[in-house]
Amino acid sequence: MSKPKGKNVVFKILKLNEEEAADELERLNQPRPPVTVQTIRPNYSIISLSQVTEASLEIWRTLPAAIRQDPSLASFRQEHERLHGPDEDPLPNEDVSADDGDDSHSKEFITIKVTNPDTSADDDKTTVAVAEQSEKNGQNITTDGEGDDGNETTMGGHHEHGKLFGYIKVGTLLVVWLIFTGFLMSKHEKELTPRQLSVPEGAYRTYILPEPSLGPRIGINLKGAFLSDQQHNNTSTYLSVSLQLLYLPSNNSNMSFFPDHDAKYTENITNVWQVPIPNTLQAIDESDEITRKYVFDIGPVNHQKVTSGKAVVRMRMSTNLEADFPTKFTYDPTPMDTETGVIYAAIVLLGLYVLIIWEIVHRTFAAIIASTLAIGVLAAMNERPSMPKLISWIDVETLLLLFGMMILVAILSETGIFDYLAVYAYQVTNGKVWPLINCLCIFTAIMSSFLDNVTTVLLMTPVTIRLCEVMELNPVPVLMSMVIYSNVGGTLTPVGDPPNVIIASNSHIAKNGVNFATFTLHMAIPIFFVMITTYFQLRMKFKNINDLRFSEPQDVQEIRHEIAVWQRAAASLSSYSKDEDLVRETLLKKVNRLSRTLKKKLVTGSVPAESYKATLEEMKRKYPIRSKTLLVKSAITLAFVITFFFLHSAPDIQKLSLGWTALLGALLLLILADREDIESVISRVEWSTLLFFAALFILMEALSELGLIDWIGKQTENVILSVSEESRLAVAILIILWVSAFASAFVDNIPLTTMMVKIAIGLAENEALDLPLQPLVWALALGACLGGNGTLIGASANVVCAGVAEQHGYRFTFIEYFKVGFPVMVGSVIVSTIYLMFAHVVFTWH
């Protein structure tokens, strides 16, 4: 169509309402002068072109610069720039949505004018919006903004500092990518060849190391029926290992032709490493096979002798066991320097928190970047793990539990039970905010005490969100309160939280009288006081009831929430097929319409808001049980899952783990529901959350390989050993409690608890310290579980809750959670400290 002539020419008449007319404008792909849409009668609109004359531009140029730059005069500005080029004072930009388009594209502003035909010419109130069109792709995304006074709203690119930040972010991430990609490409996976050795009774067993080390450090790895260092007081039998220099004859340097006695002489170059072993052959047969590692430093001088061919390194082994002792031996010529590794591990962990705290990238992507960088650091230090080893680092049990419960919750939500429970809670509490929140949090804490708190959060988060929507509350602070109580309640029993499972399942701790009843009894008192202090802390944090409500009107917040949901749905679709592309375009069209509605509400507030403050009867009618048959099937499945969760603490009755129980429950419900559209169920699984956990598991194991976890443990042990004997119990309790609390807030509490359990047992078995084990166990359980409330990634339940909330369109950031969770964590640990000091230091309950 050629460009129309004249000042106001009609070029298209459509049978459209206002929104459909705006959608028609979105299909205009060519740059055009300002466009006007005028409704001449119901369901009919006129789209016309209007041009600004040169005379009107002359008047516009006489206005002050601040007025000329106002968005309401965008049409004048555009025509001026079209005719005379851009001025030095460009139009101000306004970031309306994250999906406005690529900022690097140049924009053309199209003005859309919609006139109400029912009003007279004198009081005609118009709505003006500004849409942006990319000259690069020719696609037009329109967002309307309507005002009673004809004001305009402008959408443009990000500010210059936003672009600069984007360039810095991409550049930094690209450098990190180049670093770990280079290391992974240049280093092979570390594979050490194991050799079977038998140390004879009353004699030495020697072995010449097959290749010289790259440095003065030599690693020796032994695998067999060894005891841990904490059990050295339980045995007097040891395997002694040391290294020697075996000097070669001057006429031949090939040791394959010379047995040991042909060497000129032998020199001991290291101290003896004593590894505790069981006293008898029967004890050896009954012991578990564990790996012991030790790094010998032969010094630069001896290393020079080896590399020059003057000598070789020989390992010598002996034992005072009255029998031969078998072991599997592995020689490591390139052991890692753990002191340097700890520094690198701290840098990687710090980088992860920088990415998450300032939301530079999504937390899942941040975990993937950090875990890959940690593996790259291991590769740079000649410790690149093999793929089977990487897979073994992932806690498949936890992922199975999450996956199975997500499937259950996805199908259960289709019954409408979550909406129904929300309305029921509204009825029970008479619509009062704090009684409702207290009821919700206490119920969550009780459920978390007997179920895994991840399972509890998966079940309670949809109910909480629905309840908040009914109450016109912001779900974010209520969800944070709920997940805090979930972690507190999970501390009560041995099956409530993964750290407790690790502690209670330790055989040495179980032999010292820590069973289900004892554990629950000793945890009940401090948890009772912690729940009280947590309640008052949360009441003080949200003492203003408006802090629990949205900062914007409810209708505006609902549209924002709906836009986020539709955008996530559109982003989840690709363009691999025509059908997917068609659905994706339809979803984006819906997003555009919602964006226009949102702009109307923000500008005028004239659109009536839907209120959730209806009568209880109306809410019951609005949120009924949608499928009673499916609800019965879901109840049967949940009864199976919950029953076997309870029986998990009795392994003699059933042998299923938590992960297998959840997976079998999900399969059972899929069978009973007889779903053909399995894709719709699978699509509601929080894959980003599962991927985040997998990356986090690999990251924590990599940091452990770099020595960070052991370093924390050694520093803790050294502080306890440095104080006087009468103060050691109090100091040990304080150190274990606070270190485990703060460490578990920033690193995964599963490897941390595994390490701290060894420290607690070692301190209790050290005869010189004479410390009881049980107070240390209680301190560790309280610290590891309550510390998870400190940060958003401190506990698995926190991450799961954030993922489910984001799926529903509500997102809370690391900082938002930190402001609430960290003070609660500190208060909880203070209460636990007071209890432990009185119970075990003053009154010696143990």
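Each residue, glycine too, has its Cβ placed from N, Cα and C.
Unlike curated entries, TrEMBL annotations are predicted automatically.
Feature annotation from TrEMBL assigns region 'Disordered' to 79-157. Among the features that TrEMBL reports, compositional bias 'Acidic residues' is placed at 88-102. According to TrEMBL, the feature transmembrane segment maps to 164-185, 341-358, 364-381, 393-413, 433-455, 516-536, 630-650, 656-673, 685-709, 729-747, 820-843. Positions annotated as domain 'Citrate transporter-like' by TrEMBL: 353-783.
In this chain, the transmembrane segment (516-536) lies apart from the transmembrane segment (364-381): fewer than three C-beta pairs between them fall below 8 angstroms, excluding pairs fewer than 6 positions apart.
With a threshold of 8 Å between CB atoms, the same-chain residues lying at least 6 positions outside the transmembrane segment (364-381) that come near it are 173, 176, 179-184, 186-187, 336-337, 340-341, 344-345, 348-349, 351-352, 355-356, 390, 688-689, 691-692, 695-696, 698-699, 702-703, 705-706. The stretch in closest packing with the transmembrane segment (341-358), judged by the count of Cβ pairs under 8 Å and taken from 164-185, 630-650, 685-709, 729-747, 820-843, is 685-709. Looking at the domain 'Citrate transporter-like' (353-783) alone, the prediction's average pLDDT is 84.
For the transmembrane segment (656-673), the list of distant contacts is 396-405, 407-408, 411, 452, 455, 630, 633-634, 636-638, 640-641, 644-645, 648, 681: same-chain residues at least six beyond its ends, Cβ to Cβ under 8 Å. Here the transmembrane segment (685-709) does not lie next to the transmembrane segment (164-185) in space: the count of CB pairs under 8 Å, restricted to residues six or more apart, is fewer than 3. Long-range contacts of the transmembrane segment (630-650) within the same chain, counting only residues at least 6 positions beyond its ends with a Cβ under 8 Å from a Cβ of the stretch, are 408, 411-412, 414-415, 417, 450-452, 455, 494-495, 516, 656-658, 661-662, 664-665, 668-669, 672-673.
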